[in-house]
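Database features (TrEMBL):
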DOMAIN    A:94-311  domain 'ABC transmembrane type-1'
TRANSMEM  A:12-31  transmembrane segment
TRANSMEM  A:100-119  transmembrane segment
TRANSMEM  A:131-156  transmembrane segment
TRANSMEM  A:185-206  transmembrane segment
TRANSMEM  A:242-263  transmembrane segment
TRANSMEM  A:289-311  transmembrane segment
Amino acid sequence: MIGFLIQRVLQALMVVIAMSIIVFLGVYAIGNPIDVMIDPASDQALREALIQRYGFDRPLFEQYFIFMNNMLHGDLGESFIYRLPVLNLILSRLPATLELALTAMLIATCLGIPLGLWAGYKPDSLSAKAIMGFSVLGFSVPSFWVGLLLIMVFAVELGWLPSGGRGPTTEVLGMNLSITSLEGWSYILLPAFNLALFKLGLLIRLTRAGTVEVMSSDYVRFARAQGLSEGKVVSLHVLKNISIPIVTVFGLELGSTLAFAVVTETVFNWPGMGKLIIDSITVLDRPVMVAYLILVVFLFVMINLVVDLIYGQLDPRIRVKAAS
Amino acid sequence: MSGAVLRVNNLQTQFQTRGGVLKAVDGVSFEVGRGRILGLVGESGSGKSVTGYSILGLIEPPGKVAGGEVLLNGKDITRLKGDAMRQVRGAQIAMVFQDPMMTLNPVLKIGTQMIAAVRAHDKVSRKVARSRARDALAKVGIPSPEERLDAYPHQLSGGMRQRVAIAIALLHSPAVIIADEPTTALDVSIQGQILAEVRRLADETGTAFVWVTHDLAVVSSLADDICVMYAGRVVESGPAADVIASPRHPYTAGLLASVPAEHEPGTKLPQVPGSTPSLANLPQGCAFAPRCAKAGPACTTTPPVQHFEDGRTALCHYPIEPVSCQPLSLTSTTYRSAS
Ligand SMILES: Nc1ncnc2c1ncn2[C@@H]1O[C@H](COP(=O)(O)OP(=O)(O)O)[C@@H](O)[C@H]1O
Ligand code: SF4
Ligand SMILES: [Mg+2]
C-alpha cells in the first residue's frame, strides 16, 4: 500500500512538472505582455526597464527556472493588471467556485444515481425511456443556452430567483461562503443546476449502464435464488458495483467543473475563478493564466490520486494487483 | 413414490422471440424424494437450466412458465407471487450455478454475501448470521472457515468457491437443492471431492438434489435416478443404475457410447451424429429423428411415453430392447448409497 502510494505520488509529480513546461511554453507563445502593461505612448527607456524587471530579456529556459523556483517558494508571481500576488488573487476566488461546483455535483449525484438506477432496473419502461431522453438533452444542449433559458423562466418570467450574482457571504474556516444562508441558496440554485446538467446526464447514463450489467449478472441471479429481496439486491450488489465507475466520473468531473465553470460563471455573473481566467485572457495577464493553469493541473492530479486510492478500497481486485 | 419432496408435472416454459415462441421446456415431469439425488442429463441447450430457473420462479421476460405444476411437499409453487415466492427461494428450494467464478460478487466479501443470504429469511443479528455462515462453510469441508468469511471470492480457488456456493445453498436447510452443472468448471479430482461431499449431505441431512449435468459419468457415480432431456423434453427416466446398464431410448444409448470410460482407449469415440436441433425449427414428430439410427416410419409423429418395469420411461416409438447381462459401470468410483 505504501509502495503504491509513493509510486502514484511520483507519477503525479511528473505530470505536474511536464504540464508546467507545456503551460509555460504555451502561454509564452501568445503576445507580448509588455504591450498590454504599459501605455503605448510611453518611451523606449521605460519599456526596456520593465522588460528587464520582469526578466523577459532572458533566455526562455532561464525564465522557466526562475518561475519554477519562485513557485516552489509559494510565489506564483504578480498580476500585471491587479498588481496583487497571483496566488492570493486566485485563492480569493476559489471559495465561490468551490461551492458552486460542489453544489452542482451534489445536485447531479442526488438526482442522477436514483434516476439511473431506476432506468437500469426497468430498462423497458416508459419512465426509463423518458429519463434517458432527458439525459441526452443534458449533455447535448449547450450550457450557455440552458443558462439563459433558466434565467428567462425562473428569474425574469416567474421572478422566483435572482438572475445572477452571488448572495451575501459569511466566513467559515477562513473561506467566504454564501451557502450558509437561505438567500445565498437562492442565488446559487440556478447556476448550480445549470452546471449540474451535463454531469447529471452523464451520471444517469453511467448508472443505468452499470445497473443493467449487474442486474443481468450471474451473481444477481444467485442472490435472487437465495431469496434476497429486490431492494437488497440493488442496495448490496448494484450500488457496490456501480460505485467504481461513478467515483471515476465524479473525480474527473469535479476537477473539470472547478477548472472550467467558465461559461456558467459568465452567464450568471458568478464571481469565481472561471470569470477571473476569462478576464485575464482578455487582457493577457500572463502570470494569472500560468498560475491558474498550473493550479488546475495540480487539482486534477490530486483528485485523480484520491480517486485511485478510493478505487483500491472499492475493488479488492485492484488492491491485490497493487500489492504484487 | 408418494414421498416426493419435489414433483414437477408437465412443466412448460416458453420464450417469446422475434422468430416465434420457443418451447425451451416442453412438458417436463420428474420427482425427487427425500435424500435422493436426481441426475438431469442432456446436451447443452436441451433445457436443463431453464427447467431449474422455472422451478425457482426465476424466469424473466421474454420468458414465462406457460403451464404445469411444481409441487413442493405437495404444494404448487408456480402460482406464488412476489414475496411469497421469495420466501420459498433459498429457504425451501436452493440453487447452485455452474460457474463459481461468476456466482459470487467479486467486490463483496464472502461473509457479507453469506450474511445477506442468512438474513433474507431469518431476522437475526449480523453476529448470529455470521456464526451460522461459518458453520455452513465448515459443513461443506472448508478449512479455517472464519478466515474465509473475510476473503474476497478471487482469493479462493474455483473448487472452494463452489463449496461456498453450496454452503450458501445449505444455509436454510432447504428441502431441495438444484445444482446446475456445479462441477463442470472444476478439475476432476476437485469434482470427485465435491460429489462425495454432496452424497454425504444428501444421506445425512435428507436434502433432495436435482443434479444437472451433461456428464453421464458424474450421474452414474452420484445419482439415484436419472432423467435424460432432449430439446426441452424428458426422453428417458428411471433408476440411474438401470438406465446406464440398459438404456431404452436411442439418444441415451448414443450418449452412453460416447462416454470415455466405457470405451477402449486409442480408438475414436463414437459421437451421437448430428447436432442439437434449434428449438425454432424442430422436426415434426420425434425431435431426435434426424440423428436417430432406429428411426422408422412412425417417427414423424409425436412418440408416446412408454412405461417399463421399475418405473422406467422412454419417449420413443421403437425403444431399445433391455439387455440381460449387466455391463460394467462407467467409473470405478461410486458415490451412490448402497440401497
Ligand atoms: N433468455 C432466453 N431467451 C430466449 N431463449 C432462451 C433464453 N434462455 C434459454 N433459451 C432457450 O432455451 C434453450 C435451453 O437453454 P438451457 O436451459 O440453458 O439449456 P441447457 O442448460 O440444457 O444447456 C436454449 O437453447 C435457448 O434456445
Ligand atoms: S421415436 Fe423414432 S426417431 Fe425418435 S428416438 Fe425413437 S426411434 Fe428414434
Ligand atoms: Mg445450462
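A Cβ is built for glycine as well, from the same backbone N, Cα and C atoms used for every other residue.
Remember, TrEMBL labels are computer predictions, not curated facts.
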Tertiary contacts of the transmembrane segment (A:289-311), as residues 6+ beyond its ends and Cβ separation under 8 Å: 5, 8-9, 12, 15-16, 19-20, 23-24, 27, 67, 71, 76-77, 86-87, 90, 244, 247-248, 250-252, 254-256, 258-259, 273, 276-277, 280-281, 318
Close approaches to the transmembrane segment (A:185-206) from elsewhere in its chain (Cβ under 8 angstroms; 6 or more beyond its ends): 99-101, 103-105, 107-109, 111-113, 115-116, 119, 131-132, 134-139, 141, 143, 146-147, 150-151, 154-155, 161-167, 178-179, 242, 245-246, 249, 253, 257, 261, 264-265, 267-268, 270
Of A:12-31, A:131-156, A:242-263, whichever stretch has the most CB pairs under 8 A to the transmembrane segment (A:100-119): A:242-263
Same-chain residues near the transmembrane segment (A:131-156), Cβ under 8 Å, at least 6 residues beyond its ends: 115-116, 118-119, 162-164, 190-191, 193-195, 197-198, 200-202, 204-205, 208, 263-264, 266-268
Chain residues in Cβ proximity to the transmembrane segment (A:242-263) (below 8 Å; excluding those fewer than six residues from its ends, i.e. six or more beyond): 97-98, 100-102, 104-105, 108-109, 113, 143-144, 147, 195, 199, 202-203, 206-207, 210-211, 214, 270, 272-275, 277-278, 296, 299-300, 303-304, 306-307, 310-311, 314-315
Distal contacts, the transmembrane segment (A:12-31) - CB-CB under 8 A, six or more residues away: 60, 63-64, 67-68, 71, 284, 286, 289-290, 293-294, 297-298, 301-302, 304-305
